[in-house]
Amino acid sequence: MSSMTPRETVNALDNHIIGQQKAKRAVAIALRNRWRRMQLPEEMRAEVTPKNILMIGPTGVGKTEIARRLAKLANAPFIKIEATKFTEVGYVGRDVESIIRDLVEMAIKMLREQETAKLRHKAEDAAEDRILDVLLPPARGGDPELEDNSTRQTFRKKLREGQLDDKEIDIDVADSPMGVEIMTPPGMEEMTSQLQNLFSSFGSQKTKKRKMKVKDAFRQVRDEEAAKLVNEEELKARAVEAVEQNGIVFLDEIDKVAKSSERSGGEVSREGVQRDLLPLVEGCTVSTKYGMIKTDHILFIASGAFHLSKPSDLIPELQGRLPIRVELDALTVDDFKRILVEPSMSLTKQYVALAKTEHINLNFTEEGIHRIAEIAFQVNERTENIGARRLHTVLERLLEEVSYSASDMPNDQTVDITAAYVDEQLGEIAENEDLSQYIL
C-alpha cells in the first residue's frame, strides 16, 4: 500500500496530467484515507468505508487518466469498465459481479509479475543449470566435481555472454496441455475453473523434447523455473486481500445508465443496471474462483460527461453511495499548450524521439506550439469537443509529411515546427469547418 501524502500524490499526478487540481486532490485524499484506515485498531477499521467519487466532466479532460495513474502510484489492483457494457440480471449480457471477478484476475496477474521479478535471479540460475546439463552431459565414470569446476564454468561464462545463443540443443520442456474453453452462465466460474483444472491435470507434468536455440530454450526454461518457485496458494490469498483492501474500480460512462427526460425507452434496463451496481458499491460478497470477495472497502470512482442527463438523474440510492462530487474543467488554449510540453512523456517529446530514430531533429518552437494549441481548441469549439484527444489528430496531420519522408531525408536534418509551418500544413483545414469535421 502506498504511504504517499496527498501533496506527494498530487505532485506525482502533475507529471502526467495538466490542471484538474480539484479532481487530483479528491483522489489523493481518498488514497491517503486508505493508509489512515490501516493504522486504526481492527474493530474500527472494519467500520471505516471508502468515500466513493463521482467525476463530472467532458470527454478527454483527464478523468480516466487520473484514475489509471492513481492505481499505478498506489500499486493497487485496478480495473476500468464502461457501465454501458452491463445489463440487468435476467437480460442477456454481462452481470455487474463480473467486475469483481475481473479485478481479482488483474490482482493475480499483477502479483504474479511482481513475484516472478523477485525470483528472476533464482530462476535464471536454475535455467542455466538445466541448459548446461544438456550441453555438458556428465561423462561416464568421470569426476563430476572436477568437470563442474572447469569446463562447466567455461560454458557458463559463454552462456552468460551470449556466445551460445544461436546453438541448437534438444531439451525437455513442459508440454503445454491443450486449452479447453468452457462456456458457463455468469456466477458458475468456480465450476468452470474446476473443470478446466481437471482437463489440464491430464496433461500436467508431461515434458516433451524439443529442438530449440539456446536463447529461446533459456527463456522458456527460466519461465518454467519461475513458475515452480511461485507459491500459488499464497499468491491467491494475497490477491484476495489486495482486492478487498486496495482495489480500485473505475466506472466510466455512468451517465449513460442514468434516466433522462430527453430519452425514452430502455429506461427499465438502465435503472436495473444502477440497482445491480448498488450492493457492489455499498458492500457485498461476490463469489469468485479464488474465494469470496467482500467489496466493502473497494474504492469506486464513477465518471461521466452528463451531457444529456444530470447526476441527480441517477437513482437516489446510488447518488448516496457516491458522496464526493468533482467537476473537471473544460480545456483552454493554455491547457493545450501545457499538455504539449509539460508532462514527462508529452506528445511533443514522443514525436521528437520518434524522429530521432531516423536521425531527424524535430524542433517545436514556442509560437508553433501555441498555434497547434489554438487550432486544437478552435476545432473542439466548432465541432465535437473531444478534449486533449484532439491533439493526437492535429499532430498526426501536422507531421504526416515528415513521418512519410523522414527515411529519405539526409541525416541530422532539422525540421522546425513554427507557426508558419503549422498554418501551411493545417491552416486551410482548420479554417474550413466542413473539412475539419472530417479530417481533424
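Placed from the backbone N, Cα and C atoms, the Cβ positions cover glycine too.
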Record-annotated ATP site (Swiss-Prot): member among I18, I108, I429 besides G60, V61, G62, K63, T64, E65, D252, E317, R389: I18
The one of I18, V61 whose CB sees the fewest other CB atoms within 10 Å, among these binding-site residues: I18
Coarse DSSP state, helix versus strand versus coil, of I18 (ATP binding site): coil
K63, E65, E317 as binding-site residues, winner by CB count within 10 A: K63
